[in-house]
């Protein structure tokens, strides 16, 4: 009995050795070796008691049963197929079929290359022209005479047209004016808004081109705003007349001026409401604009920093390029003229891009944050435009919303076709582009008008024959050599007419 007990451990070890030998000798990697050691096959215990051996075997069995899933996973990880194969069917990241979209590093590379490639030009302009950030020079763009401020006076006078529109709407809400009389007064008011500042700019000698453009731009924005103000209040009166029961955003309320915290017609006809709309970064009027909860000072400071930075870059970098190239094109052949104009197109296009970011992102977000104006969609992804129509619909959202709401859809409701309505929208845009360029420069060349009207056949051609990247490239070409190029032609003609002797 004792011999059997004494022989127990040794026979157990022999059985383990026989079992291990029966499985065959295999090379052990690190994972297999650690598993082999933990199983007890490669370790001899100093305690040779049978009870301890049985406890050890039971604990090993429980550990083995508890880690079956882990062992199975290890077997899958160590399959020979994965060990022998390291390839699978897949696309390259730069292929469109791969679905890869994270190109942040490439964008950063483009920015770094742009900065490095223009560092020499920036330093050359700095050494040749010095520091061009001169506040006196900026003021001189708006004023010829420090004692005569015609542009500022025009902007102040614009308040008269605002108050006339508000007074007329109040009288219409009380039925003191008939709809026909009110429409006549508002039409005359808006017609004078376009003609009066243009006459002042053309006749007052002290008005500078930049000051005139600023004044006319202000009056144009007010014209579009007051037109929207007139339409929305007219819709409110129509709904009040038919006693509409449902409330809708920007529409009227049956009787009270406030309902559930919302302003209802005619409770919106106040000076505070009118001037909030005048300064709000939108052209479409509503009785209740979406509002943000508070003003973020860090956001304001970032937008202010961006506006100042864009001015410094344009003054110190881009303006010397245009000044050095602004020479008369007389006595030049066609090839020299084309080369000169293409040379000016690139810096002019970069100025246009900086103006877009400065105006539509920095300044409009700055104004919206101050007024807690909630709708910040001032532009969409126009840079991905594959058609000319998509570009014009997404690069200037406030103007697009106004045209769609107050011009395009009313024409459709009156029975006009889509082609006629779209052409009318382009015609209206062409008129205002010419108005804002030719009147301040006091010369009429119609390049801006023709350039806008040329967008109609261009939109048809790109939409019909070009797709994808080709369409996007065509849109970029039209941006680079299109409207900015036409504006550049006005600037060049103005330079030739007024500074020919200095250039010679």
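Even glycines carry a Cβ here, placed using N, Cα and C.
What TrEMBL lists as region 'Disordered' is 1-26 (among others).
Per TrEMBL, region 'Disordered' is recorded for 39-83 (among others).
The compositional bias 'Basic and acidic residues' annotation in TrEMBL covers 52-61.
The transmembrane segment feature in TrEMBL is assigned to 106-127 (among others).
Taken from TrEMBL, the feature transmembrane segment applies to 147-169 (among others).
Annotation source TrEMBL lists transmembrane segment at 181-204 (among others).
Per TrEMBL, the feature transmembrane segment maps to 210-227 (among others). Away from its own ends, the transmembrane segment (210-227) comes close to residues 141-143, 150-151, 154-155, 158, 161-162, 165, 186, 189-190, 193-194, 197-198, 200-201, 277-278, 283, 285, 399, 402, 406, 432, 435-437, 439-440 of its chain (Cβ-Cβ under 8 Å, at least six residues beyond either end).
The feature transmembrane segment is assigned by TrEMBL to 349-371 (among others).
Positions annotated as transmembrane segment by TrEMBL: 415-432 (among others).
Taken from TrEMBL, the feature active site applies to 433. Neighbour density for residue 433 (active site): within 10 A of its CB lie 19 other CB atoms from the protein chains shown.
Listed by sequence, the residues of this chain that lie at least six past the ends of the transmembrane segment (444-462) yet keep a Cβ under 8 A from its Cβ atoms are 387-389, 392, 422-423, 426-427, 429-431, 433-434, 436-438, 471, 474-475, 478, 482-483, 485-487, 489-490, 493. Taken from TrEMBL, the feature transmembrane segment applies to 444-462 (among others).
Taken from TrEMBL, the feature transmembrane segment applies to 474-492 (among others).
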